[in-house]
Amino acid sequence: MLRWTTAGESHGRALVAMVEGMVAGVHVTTQDISAQLARRRLGYGRGARMKFEQDQVTMLTGLRHGVTLGGPIAIEIGNTEWPKWETVMAPDPVDPAVLADSAARNAPLTRPRPGHADYAGMLKYGFDDARPVLERASARETAARVAAGTVARAFLQQALGVEIVSHVISIGASKPYDGPPPQAADLTAIDASPVRAFDAASEALMIDEIEAAKRDGDTLGGVVEVVAHGLPVGLGSFTSGDNRLDSQLAGAVMGIQAIKGVEIGDGFETARRRGSVAHDEIYPGADGVMRSTNRAGGLEGGMTNGLPVRVRAAMKPISTVPRALATVDMATGEEAVAIHQRSDVCAVPAAAVVVETMVALVLARAVLEKFGGDSLAETRANIDSYLRAVATREPSTDGARASG
């Protein structure tokens with residue numbers, strides 16, 4: 001079973017990603033991970049931190065000469081600001097006199113931000129300061145997820161030729177993009193867009209939204225879409241809820257900071273249609289069955305159906321609002337304004353890259369559960385055997401459609 005976890009705090013020495021259960025023989029390098037982390041820093045409306053956040057990657061274990069060994073993989077992402085925080089965030093006790101020299105950074109944060117983990121985290125864990133909460137709850141943690149996901153992406157591409165691409169559907173109240181989903185070849189152009197939009201008209205509307213929010217001292221959320229091309233029929237299962245691939249994808253994506261909604265395929269729009277126009281009709285074709293639509297987003301009954309998997313995620317506006325929202329000072333019980341940590345106006349373009357990451361990890365796990373293997377070569381052999389078996393069971397005809 002493929003497993004992953006992360007460790008570390010936003011202003012700690014480093015973040016660490018752990019990946020366990022990856023087969024041997026997958027080619028992945030420090031440069032590959034750095035390239036994906038650079039994509040995570042993209043986006044119009046990002047804050048000052050992106051200017052000096054360098055994401056210093058160190059491969060600690062699990063690889064030799066750029067190839068996975070089959071054991072646990074550990075990846076460290078160093079914090080370039082650590083010297084400024086070394087005293088305040090030190091793991092070991094610090095002399096109070098020394099700590100006093102960092103009084104500004106060490107001041108208790110007692111005014112929780114609405115929409116953030118501050119309030120519930122302070123009460124749940126017994127903290128009188130939000131610092132221990134926000135350090136781990138921060139979206140900075142997603143850098144470690146991207147590192148782990150890079151390994152999963154490499155496996156998917158090398159085992160099956162799977163390509164994963166994302167784009168931003170809308171930001172704030174901008175008109176949502178409603179054209180065809182992007183192909184893998186479109187990724188370079190999407191990354192070149194300041195908001196990672198797939199078309200120029202949508203890009204202009206999104207930038208206008210961000211500029212207006214910036215002028216008003218506000219923040220924005222939005223909707224992103226991830227598309228995975230090249231998956232075979234049959235990943236996941238209908239046998240129980242937790243085996244359904246769409247439930248696994250939804251759970252993983254909802255676990256990303258600030259994500260408040262997930263849909264597969266046309267999702268909520270499907271609920272507004274009649275059944276006669278909500279599903280993807282099946283027709284005979286020369287190379288097997290074919291579809292003229294992909295409203296289900298490549299998943300039916302919890303299993304991939306051979307079409308691209310489409311996952312959308314809704315990101316709420318960042319909860320650190322420059323003009324500060326009303327709150328209560330937890331130390332005094334009095335009305336106050338929320339603390340303001342350095343933040344972005346909009347991080348939706350970066351969130352799309354993180355959603356790619358979680359989709360890649362879940363899909364890689366599903367592939368390994370289905371096909372197994374200790375090495376990439378063994379997994380490929382199992383995949384090839386399965387695909388041949390599926391091909392013999394799939395109907396094929398040169399006849400014309402009877403309907404549609």
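In case you wondered, yes, glycine gets a Cβ from its N, Cα and C as well.
Features as listed in Swiss-Prot:
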BINDING   R40, R46  NADP(+) binding site
BINDING   R136, A137, S138, Q257, A258, G301, K316, P317, I318, S319, T320, R342  FMN binding site
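Structure coloured by features recorded in Swiss-Prot.
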| residue | record | Cβ contacts under 8 Å, 6 or more apart |
| --- | --- | --- |
| R40 | NADP(+) binding site | T142, A143, V146, A350, V353, V354 |
| R136 | FMN binding site | E9, S10 |
| S138 | FMN binding site | E9, S10, Q257 |
| A258 | FMN binding site | A139, G221, M315, K316, I318, S319, A347, A351 |
Can you count the other CB atoms that lie within 10 A of the CB of T320 (FMN binding site)?
-> 21
Within 10 Å of the Cβ of K316 (FMN binding site), how many other Cβ atoms are there?
-> 15
Using DSSP with the three-state reduction, classify R40 (NADP(+) binding site) as helix, strand or coil.
-> helix
Can you count the other CB atoms that lie within 10 A of the CB of I318 (FMN binding site)?
-> 25
